[in-house]
Structure formats: structure tokens, C-alpha cells
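Quick look at what TrEMBL annotates:
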type	residues	note
TRANSMEM	6-27	transmembrane segment
TRANSMEM	39-59	transmembrane segment
TRANSMEM	79-101	transmembrane segment
TRANSMEM	122-144	transmembrane segment
TRANSMEM	164-183	transmembrane segment
TRANSMEM	190-207	transmembrane segment
TRANSMEM	256-278	transmembrane segment
TRANSMEM	299-321	transmembrane segment
TRANSMEM	341-360	transmembrane segment
Amino acid sequence: MASVGLQILGVSLAVIGWLGDIIICALPMWKVTAFIGSNIVTAQIVWEGLWMSCVVQSTGQMQCKVYDSMLALPTDLQAARALVVISVLVAIFGILLSVAGGKCTNCVEEESTKAKIGIASGLFFIVSGLLCLIPVCWSANTIIRDFYNPLMTDAQRRELGASLYIGWGAAGLLILGGGLLGLQILGVSLAVIGWLGDIIICALPMWKVTAFIGSNIVTAQIVWEGLWMSCVVQSTGQMQCKVYDSMLALPTDLQAARALVVISVLVAIFGILLSVAGGKCTNCVEEESTKAKIGIASGLFFIVSGLLCLIPVCWSANTIIRDFYNPLMTDAQRRELGASLYIGWGAAGLLILGGGLLCCHCPPKKDRQYIAKYSAARSNATGGAYV
């Protein structure tokens, strides 16, 4: 369980995020008029929110109108209504649980039960943050996509409103606050996501991709190169893949990447098993100090796994960039960074971050036990009897 300071910090951040969640639910500034083209000088600004749209005149007057029909709204705003309201309610449950499981409160006496309630409140805050993040990102994606749509007129285009920026901040605070309340679960979750990314880059044949430069600016096919195979994607959408005939014929960076990524995946599996054994919510090990040591060991495994993933990804990226600027290479031989490298950097970062969070759990200090020393009774030297 988190220390008192971390617990108070986590709850405080989550409460601030919850207030931001409420603000974006009420504030009608999800979409704002874009000042482009003929709209560069305008007498009014249009705001669109979840429940109403407002028109602000150049004189300062503002008129708002509640939407007549929910089904007439765009899909992203319909979904945002439900998700943001649910996010606010879930955060309320998280606040109530954080009060019940707080180290400074007496709602629950047993420390182990307090720890579990505190972790549960952290999970509620993280879920609330994700429920807030999804509609905000969805609306931002819709706005940006419509902005660059050539079929849309300038009057129809919108820009990102203040509510979206507040929403990103609120979601971040809720997730961060929830993570501080359950550092161990957050660490394991991040590490598991990183491990899944590690498996993806091991299988995905997109380490190197055709560079569209020079005579390759218009091409009928795209070449992908991975650890185990190369693929050719035709302009028609057909894809043909071929497993490498010889490992020794591969470039040095891909040969090393094969071994290092596979070892990274296996090391992360050991870390996951240790994290389960040393989890505070499991009963595999009874003694708290032993649990903490196992948790630290699992964190070290995740960090090593992240480094083993990071080395081949950076090595391949360095080779691709060096070859790209090599004047002796033709345009057809040049490659660009593939999606696997970006996934690999993210996976390595999550593994290292998750492992670092698990290493923050120090074994509990035991109280020093004072051994009572008894001295032998003094014998009567004279041997005389008492009268």
C-alpha cells in the first residue's frame, strides 16, 4: 500500500481531475469556430458542447441553446455525454473508497483491508480517467479529420475547444492519482502492456519500410522487413510474405534483434510470474517482507526486459538512419523506420517504468527486539542461616 504522503497526493490529484471532469461535462467549449479563409474576421464565435451550443457576439453578448434532440448530434458528442457522466460517477465511488481506506481515517481497522480498499479506489480513479480520455480523444480526432476534409466549407470547420485541453489534463490527473494509490498494480499493468508490445514487435514484419524518395516517390509496391520474414504489399492490397532462408544472410542488427527480443519476452514472463507471487492481493507468500523482496525482483526482471528490447530497436534505427544518408546507397536500397520500432520504444519504456514502480516497494522495517538478560541470584558467601 502507498505511504501516507503518496496516498494523500494521489487522492488530491484524483479529486482535481474529477473537478476537471465535471467542468468539461458542463462547459460548452468542445468545438470552437475556426478562424480561417472567409472566417478570418467574424462577428460571432460558435461554441459547441455536450448539452448546448452558444453564440458569442463581438459585442460580448452570449446566447446558448440546449440541443433539441440527442440523436441529431454527431456520434462523438453522443458517446461523450454518456462516457463523461459515467466517468464522474465512477470517480465519486473512488473518492468514497479512498476515504474509507485512508491511513488517516478509522472507517476500517485492519491494515490489510485498508490496503485493498485503497488499491480498489485507485482502480476506480484509473477507470474514470480512461472514461474521460476516450471521448476527449474521439472528439479531437473528429475535429482534426473534418478540418482537413476538402469537402467541408470554412464555415463548417471547427477547432479544438478549451474543454478538450481540460479533459486531457483531468484524465491525466485521475490516472496519475489512481496509479499512486496502487503503485504495484500500476507497475504490473504497465509492464504487461510493454510485454505485449514486445511480442508484437517480435512478430510484426515492419522493422524496415520502403523509403518513398527519388524514383520511389510513386511505387506499385511497399517492402516490409521484419525479424523473421519480409513482405511485399501491392498497390492492389495483396500482400506476399516470405520467411528468410538463412539467418546468417541477414544484417547484423536483425540477427542480434532476433535473439535479444526473444530473450526480452522470456525475461518479462519471469517478471510477471514473480509479480503475481509477490502481489499484495495474492496469498502465494504470507510474509510481507518476503513479498516486498519478490516484488522488487520482479521489477528488476521487467527493467532488464525493457533494456533488452530497447537495445535492438535503437540499433536497427541507427542502421536505417545511417544507410538512409549513405551516398553509396541507391534510393531503392534505402529504408525508413517501421511501425515496429515505434512500438518497441513504447514497449521498452513501459517495461522500464513498470519495473521501476515495482522496485519502489521497500520491505517493511521490523521493530528491534530487545532480549531480556537475567543475572543469576547471588549466593550467600558465609553460608550462615537466617534466624
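Here, residue 1 is simply the first one shown, and the rest follow in order.
Just so you know, glycine gets a Cβ as well, placed from its N, Cα and C.
Curation does not apply to TrEMBL; its annotations are automatic.
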Same-chain residue ranges lying at least 6 outside the transmembrane segment (6-27) that approach it to Cβ under 8 Å:
49-51, 84-85, 87-88, 91-92, 94-95, 98, 102-104, 118, 121-122, 125, 128-129, 132, 136, 162-164, 166-167, 169-181, 183
Do the transmembrane segment (341-360) and the transmembrane segment (190-207) come close, with at least three CB pairs under 8 A (pairs 6 or more apart in sequence)?
yes
Which listed range (164-183, 190-207, 256-278, 299-321) shows the maximal number of Cβ pairs under 8 Å with respect to the transmembrane segment (79-101)?
164-183
